[in-house]
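**Q** Supplied in structure tokens, the structure appears directly below.
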Amino acid sequence: MLKRSNDDAHQLQGKSPGKKRKVLVTDFFQKKTSSEEQTKATGHVDKAFKSIEKAESKSNIESITTVSSPAANVTAYDNSLLSLELQTIDASWLERLRPEINKPYFLKLKQFVIDEQKRYTVFPPEQDIYSWTRLTRFADTKVVIIGQDPYHNFNQAHGLAFSVKAPTPAPPSLKNIYKELQMNNYSDFKVNYAYGDLTSWSKQGVLLLNTSLTVRAHNANSHSKRGWEQFTKKAIDLLIEDREKSGKPIVFLLWGSNAIKLLQDKVNRMPKNFLVLKSVHPSPLSASRGFFGNKHFRMINDFLYENKLPMIDWSVVPESSLQEVTEANKKLLKSKSSSDIENAQNSS
């Protein structure tokens with residue numbers, strides 16, 4: 001089931017008898033219980049933000065109280081603003097991003113998006129804003145492809161960069177991605193522009209992440225520089241920190257100046273288990289100036305295979321597959337099985 005229980009989002013720790021109650025960030029947003037003085041939180045979000053900043057400046061806000069929840073293990077935040085995050089971000093991402101969604105900038109961002117949704121059509125549909133977290137769990141992420149803005153026409157954006165919701169045909173940038181795949185990477189890649197849904201990539205560990213997660217209909221970049229960039233950069237930073245510590249291989253695909261700038265302070269000091277590939281954006285405006293011929297998709301798979309990880313089958317057309325990738329993954333699985341058997345025998 002997509003949504004987690006509202007009970008997980010509403011739980012609060014009880015007060016210990018005789019002890020002074022800690023001031024929580026949630027106190028500035030949540031409705032009081034019947035035994036407390038009633039406040040009118042709705043419509044007074046700006047006032048609440050000022051209260052947060054004032055409390056922080058006086059060091060009156062102590063550490064956020066974490067609620068133990070067997071289902072989601074989330075913090076008790078203001079449900080009126082963050083219910084979507086608490087209910088639709090995958091638990092593997094939420095446990096790492098929960099401090100970020102409680103920061104004042106993110107709460108202001110959420111109020112902005114909510115106001116936009118009341119006045120305009122906003123894409124993607126809210127249940128799809130965080131689909132990237134559910135389709136590519138944190139630990140399963142092997143490749144990160146960074147996009148910019150969600151598509152801003154109907155039946156396109158569904159939370160994955162460059163991907164469009166079926167049965168919408170592939171947009172121009174995605175068409176160029178398909179051309180590069182067939183011409184310079186895998187000759188048996190079937191090109192059919194009727195298919196533009198890249199969910200199959202996401203399920204193989206390819207994180208398709210836009211730097212801005214929402215947009216007003218027919219108004220490109222209308223939600224940029226509102227806070228989404230800070231949030232998605234945090235998600236990427238978390239991946240980098242985790243893979244630096246664990247040594248697990250990961251690939252970053254940076255197409256265009258915006259994506260390159262996002263990691264420019266880290267690119268030159270990436271460890272050996274990182275592969276960073278850069279080129280111009282696949283947009284028709286720039287694809288002929290370095291995107292075509294970059295052979296990124298083959299380079300990604302070569303890197304994964306060298307590190308004993310399954311290659312990505314980039315096929316999009318149903319019932320199609322890349323024969324070379326299929327055979328390589330079978331060989332890798334067989335090798336792993338033999339190694340596991342040998343290790344088991346040696347330990348017995």
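A Cβ is built for glycine as well, from the same backbone N, Cα and C atoms used for every other residue.
Feature table excerpt (TrEMBL):
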| type | residues | note |
| --- | --- | --- |
| ACT_SITE | D149 | active site, proton acceptor |
| COMPBIAS | 1-10 | compositional bias 'Basic and acidic residues' |
| DOMAIN | 134-304 | domain 'Uracil-DNA glycosylase-like' |
| REGION | 1-23 | region 'Disordered' |
**Q** Using a Cβ cut-off under 8 Å and a sequence separation of 6 or more, which residues in the same chain sit near D149 (active site, proton acceptor)?
**A** N210, T211, S212, V215, A220, N221, H223, S224
**Q** Work out the three-state DSSP category of D149 (active site, proton acceptor).
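**A** Looking at the DSSP assignment, D149 (active site, proton acceptor) belongs to neither helix nor strand, so coil.
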**Q** Across the domain 'Uracil-DNA glycosylase-like' (134-304), what is the average pLDDT of the model, as a whole number?
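**A** Summarising the domain 'Uracil-DNA glycosylase-like' (134-304) by its mean pLDDT gives 96.
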